[in-house]
Amino acid sequence: MNVGAGRRFRSPKAILFDLDGTLVDSAPDITAAVNELLAGRDLPPLRLEQVRAMIGGGVRKLIERAFAASGAPLLGSALDEANRVMAPIYRRHLTGLTRLMPGVREVLTHFHLSGIAMGVVTNKPQLAAREILLHFGLTEHLGAIVGGDAVTCLKPAPDALLLALDQLQVEPRDTLMVGDSGADVAAARAAGMPVILLRGGYTQTPVEELGADLVCDSLLDLPSAMLQDAT
Ligand SMILES: O=C(O)COP(=O)(O)O
Ligand SMILES: [Mg+2]
């Protein structure tokens, strides 16, 4: 863990969490969905590690990257069409192979008992995000779940974070963003919020190089990192 900012995370009124690579390891399900889409076009499957590196920019970006990596890049209306075909496939691969990241349940309960409001802000479609969170019984403590299709601009734009804060009735300066990618950092910066990144997510760039205020090994380190930040 490396502490950088000093007092920025002390007693936030709300925490916004990214979903893929932060609260859940969804890469195996997303890989299954991508490979079903590719198989429908007679393209060979991609490996889990390849698809992991494509997650975080929303489903359309995922499809664009997957077809490019398969040597059959899609543009414009062809990408729109693949996106339409992907929608029902993606919905069939939400929870079968997806697992919670370590400590999620404990840490969400801890923050809830500490009186901190929480929300999820993801580039995943909103209904898909809600279904995953319901599957794992995590919606109880979440006052906002904002998906990429609920806003005009996906992360790294701040739109989804600001919508979640609106729903939670909290100002950006009283909030903390927790994520796994450069998009999470950029979105938090644009929204005027401090940001913590977790190791073990889907970013290709080393997390230390993404400009977060703090990097933690896992969600389980968050409560103590926030306490240390008081010193
Ligand atoms: O790329 C996606 O679909 C979702 O990614 P995120 O939950 O990390 O924002
Ligand atoms: Mg993520």
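Using the three backbone atoms N, Cα and C, a Cβ is placed for every residue, glycine included.
A TrEMBL annotation is a machine prediction, not a hand-curated record.
Predicted, not measured: the structure shown is a model, and the values here were computed from it.
Database features (TrEMBL):
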- D18, D20, D180: Mg(2+) binding site (BINDING)
- D18: active site, nucleophile (ACT_SITE)
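For the Mg(2+) site, the Cβ centre of D18, D20, D180 serves as reference, and the other residues of the chain with Cβ at most 8 Å from it are L19, G21, T22, L23, I55, G56, T122, G179, S181, D184, G201, Y202. A 10 Å cutoff on Cβ-Cβ distances gives D20 (Mg(2+) binding site) a total of 26 other Cβ atoms nearby, all chains included. Note on the binding-site residues D18, D180: the fewest other CB atoms within 10 A surround the CB of D180.
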